[in-house]
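Database features, via Swiss-Prot:
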type	residues	note
DOMAIN	10-353	domain 'Kinesin motor'
BINDING	Gly97, Gln98, Thr99, Gly100, Thr101, Gly102, Lys103, Ser104	ATP binding site
COILED	367-687	coiled coil
REGION	688-786	region 'Globular'
REGION	700-786	region 'Disordered'
COMPBIAS	702-716	compositional bias 'Gly residues'
COMPBIAS	717-732	compositional bias 'Low complexity'
COMPBIAS	771-780	compositional bias 'Basic and acidic residues'
Amino acid sequence: MPPAGGGSESVKVVVRCRPLNGKEKADGRSRIVDMDVDAGQVKVRNPKADASEPPKAFTFDQVYDWNCQQRDVFDITARPLIDSCIEGYNGTIFAYGQTGTGKSHTMEGKDEPPELRGLIPNTFRYVFEIIARDSGTKEFLVRSSYLEIYNEEVRDLLGKDHSKKMELKESPDRGVYVKDLSQFVCKNYEEMNKVLLAGKDNRQVGATLMNQDSSRSHSIFTITIECIEKLESAAAQKPGAKKDDSNHVRVGKLNLVDLAGSERQDKTGATGDRLKEGIKINLSLTALGNVISALVDGKSGHIPYRDSKLTRLLQDSLGGNTKTVMVANIGPADWNYDETMSTLRYANRAKNIQNKPKINEDPKDAMLRQFQEEIKKLKEQLAARAAGGGGPITMPSGGGSPTQKIVERTEEVDPDIDAIKAQMRAELEAKMKSDISTEALDKAREEAEAAAKKQLQAIIDDQGKTEAQKKAARDALKKQAEEARAIAGAIEKEKQEKAVLESRIKEMEGKIVVGGVNMLEKVDELKQKSEDIKREAAIRKRQEEEAKRRLEELQAAQVDADAKFASLDEEINVKSRQLKKLFEKYQGKKGELADLQEQFQREREGMLEDYRILTQQIKLKNLIIACFIPPDYQDKIMQHCHWQDYDSSWNIDCIAYAGNAVRTNQELQAQEDKEHDAAAENERLKNCFFSYEQFEAAGAGSKQGGGGGGGGGGAARPGSSAGRAVGSAARRTGGKAGGKDITDIGSLRDSVNWGDDDDKKKGAIPKAKGLVKDTVDPRLRASKLK
């Protein structure tokens, strides 16, 4: 078992290239990517460059060409990471690349046939295979969750309302997590695969020109594996050992991330919602690239994890307590050269990220120990009931449960009656102590009741007794019958409680998976084991070849550095070869520099286009604000606005008391209550105004709303001369101290053109209200209604 604390390790990066698709073949596209699987090298030719220019070469931990199988990718890339997660490490596998390069195929694949299953379903099967092969001394608890990030909103794909926006939280113990995220305990492969398919149906997908089933969101499927020694095994350890030496809960968390692909609008042909989704996807992937660059740079003291929901959730996976594997997916066609090079460059940089993984022992959110303790407690209760079940039982009083001792009644009755009652109790208790069936116990109770009744009747019939004694005997007979019924009820209740305890223990134990049992039970088990052995041997051989290749490269470099030459000609030849290699590298770097400049220019143009779109939306919102809210009230509103960096949202103080919110509640209340007293409601809301005109008409503007513009609280419309004077005065004097920031509403008013000499525009402003209303973002309208 590896130590709980280890040193740093770099992110493992593998590259997978898909084959040319049917459309690319029909268009006559050529393949520009060559892959050396044994050397772990990818070479990309520039289709626009001269034939003499050498291809760009990149070396990674592992590469997979278009002939590789899904199982090969899983065995070589994912299996070692899953083994570490079962030992208690955190792990992350995420697919990165351009849209349409096969990321979802790599991560999810197809359920049938089995050869096309991706990393996620193969991980399910492998996790439960490992648990099945365990010796049986450990207990496992496996949980799963599934979420997506759509348009920078975190959604629970397994929740009842999968479109509900979830909240991100952060704590020192758990790190960044999603509040109230649904989790399901899974006991086998089939259950976990059902969870995957249920969430997959709720995920956002859409068609573009590059991919008919394009993922429009980032998804994260999380498997949490808890492991602990069984209670019996922990109790059987040596007496000299400490109690908790071998009874730690180890929790490994595996994140399987399927990122949405980066895309260019001119290639995808995205419009409308697809275009908005593409902008959000590109922004989050840009934030991911910035985080990778900052981590590799090492000089930056600030890592911009908070720039995106994606980077916040992957914070531990990039530079934190996680073992991470990045699968970079690329396309082989010449028209994807720019995107392929961009993906390979990011992947090449990600190799230098250093993580510091460690085993997670006894975390506070572990559920397995809670399950164990609850099962132990329930078993102790059941054992106590079984051990004391034959003891005397108290008659229930006030509906309470029976206790394990007799409460004697003090009554002035004949000693013979007490003797009969004691005899009946003794017979019932003797029967309960012996392990007999329910039918036999009922029969014994009936016999005891009959005998007691017979003896008591004989006492009543005895003529030698006084009338008072006979009455006491009759009362005792009646009480004895009630007591017998109470005993029977107590016994039945005890049986029901025992059944409930047994059912609860069985349910709790059913959630815990114990090794030592073959859960698959397949006929071809031996054949499968043989294939696994062959596959493991092939993996070891591949790893040995990779290590040997790297060793030879290092030895060759060392020989060149320490070479001693027998003659001057030999030295000239060696130096010439070295110079030729260096010149080729120089030419390659020179060409790469030109490519980087082109890529930077494209990214800059894309960001400028996004900036223009956002600016257009901001100007529209500013126009709406300027049309409907007087300048002074804009200043007042902005004074009560606060930016929440954690949630990336604006909050306004006392927004529930705003006129629109009150009016909405009033309308809803009026709809629910048809007999609503309008007069009383108007009296209650006499100081609540639903528009600035009502407010100023009531004369409240001069008392409460005196803004920086003076006068009656900014009563003038923003398009009028008075409104412009107020606005200009507010811009000259008001607002916040210091430089202008994004919360300065004066800058928003500046973006609206209120030209004095343009009468047509001023005349068109009132007419544009309906048009502006229709172009408001639906989410804004929904939030307003809320």
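Even glycines carry a Cβ here, placed using N, Cα and C.
If you take every residue in the domain 'Kinesin motor' (10-353) and average the pLDDT, you get 85. Within 8 A of the CB centroid of the ATP site residues Gly97, Gln98, Thr99, Gly100, Thr101, Gly102, Lys103, Ser104, the other residues of that chain are Arg18, Ala95, Asn211, Gly261, Asn329, Gly331.
Summarising the environment of Gly102 (ATP binding site), the number of other Cβ atoms within 10 Å of its Cβ, over all protein chains shown, is 24. Fewest other C-beta atoms within 10 Å: among the binding-site residues Gly97, Gly100, that description fits Gly100. Counting every protein chain shown, the number of other Cβ atoms lying within 10 Å of the Cβ of Lys103 (ATP binding site) is 26. Thr99 (ATP binding site) is surrounded by 25 other CB atoms, counting those within 10 A of its CB over all protein chains shown.
Once Cβ contacts within 10 Å are tallied over all protein chains shown, the binding-site residues Gln98, Thr101, Ser104 are led by Thr101.
In the three-state DSSP scheme, Gln98 (ATP binding site) is classed as strand.
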